[in-house]
């Protein structure tokens, strides 16, 4: 199941990357590249940090074509994208949660400690979006919007916690995925946010 | 031959990095660092993605001194740089094409699949410029200007295609390099561009 | 001794990251992440470049909690931070010098050549601050302010030089650390700066 959700998720992330590239008036090569980085960048950063070689997409060319294809299709259907606004938010939420669980699984498989497993889950979940924003020269949105990165943290903690309690692996994935998705959708619906830290520029550090 | 072109290319890329640093009023340490990153960053990212350790420049200190030296010399001759405008564009084009072929060779040597070989070529060709722009806090230019990153893609495809046809390795390098260089120079001369995707900010994604 | 200074340094760097995040109105998750990246990003980049796996913090969860904790505490005491301005500059200077020496030691232990050892020292010293600025979407400050990155270079050269002369390892660390710290504090006190390279945008490179 996670594999299908993963494929849907990288498609949705690729499309979100393409839209961000469009805001910066990139050419279709730039659109393809940002789509690829947004969709597969989180897993790539995770693999580099954990030393997990060869990196995932180098063994699955299909993922590369899927994300680039998603980016190029977005260019064609950009005019109607805002009608798909809600569908998109749901797909993106599914991606966030699925990426997180997959990231945790990779780190667990490599024998890392629980703290690093959680970091790996979060990295997989949110770094694609962060790289997208850095390449498009804007402050990463996932660190400022309503509950997003934090959902990734909660899912990773829940998943590890249930695992510690000896819950069946598949059941754990279903539970963690469902609860994570609900939290994210609720956060969108009711605009849940973490407290924001606003620091006025003083003299000393600018 | 490719080695000499490579040395010329990293020198030219180092100089372009220095100029970008100068636009941000960096000190000469910053200039040296941006020169180094622009010239050797593409190969570094490729090596990290492919797990190709030790990374190239760690085994060739001369490359480090060459690129930093190129950056510092640029500071001294900055006033006359615009007279060298055309020479510079040619050197940069040579670098783009040579980097791409070298990147393909590295991935082939590691046994990666054709798709990944093409990605490695493009990464080597364009990522130095992308890192330069990220470190100088601007939207990557190579994703917006006239045919640039796309030339890297075409060269990689041509090189792999001729290789598949069993063309002699050296001959293939000469052909791919020459055709790639011509395409890039023609693109500059006649302002060839890929279609640009401009997406107006709607409500849903900031 | 270096270990204690290291712990103090990553705490101070985590706090500086949190303040930078606060200037961008990030939520407390973003603050935690920027604190972590500022404190441990330099060593992470070094380890990736040198192929030094597993990466340091994955084996020391305590470092992760320490830096994130430092970031969150900064949110609580932000109002009084400017009173601690001077203390902060000293802690940051200690971090810069300690990180540099630690980075050199790692590269020496892996058998890299002197040039790469110096690069590893500088990377460890300054890349946390550079990543902080990239994630917060501003031009890296360490490449523009008064003598900063350059101190890292001087410390690395001094440390390697004394090592070459056969000075006792511990003594070398004490000497290099003390001299480096003095240079940095003197640079702040008397606003020492490297020459700045200002390049006016011409026609040719946008």
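Here the Cβ of each residue, glycine as well, is placed from N, Cα and C on the backbone.
Predicted automatically and left uncurated, TrEMBL annotations should be read as such.
Here TrEMBL gives transmembrane segment for one range in the set A:5-23, A:62-80: that range is A:62-80. Residues 93, 96-97, 99-101, 103-104, 114, 117-118, 121-122, 125-126, 172-173, 175-177, 179-180, 183-184, 187, 192-194 of the same chain lie 6+ residues outside the transmembrane segment (A:147-162) yet bring a C-beta within less than 8 angstroms of a C-beta in it. Within the chain, the transmembrane segment (A:28-50) has long-range Cβ neighbours (under 8 A, six or more residues past its boundaries) at 9-11, 13-18, 20-22, 56-57, 63-64, 67-68, 70-72, 74-75, 99, 102-103, 106-107, 110, 112, 116, 119-120, 123-129, 131-132, 135-136. Under 8 Å from some Cβ of the transmembrane segment (A:62-80) lie the Cβ atoms of residues 7, 10-15, 17-19, 21-22, 28, 31-32, 34-36, 38-40, 56, all in the same chain and six or more residues away from its ends. Per-class residue totals from DSSP over the domain 'Glycine transporter' (A:5-78), listed helix then strand then coil: 63 helix, 1 strand, 10 coil. Looking at the domain 'Glycine transporter' (A:5-78) alone, the prediction's average pLDDT is 91.
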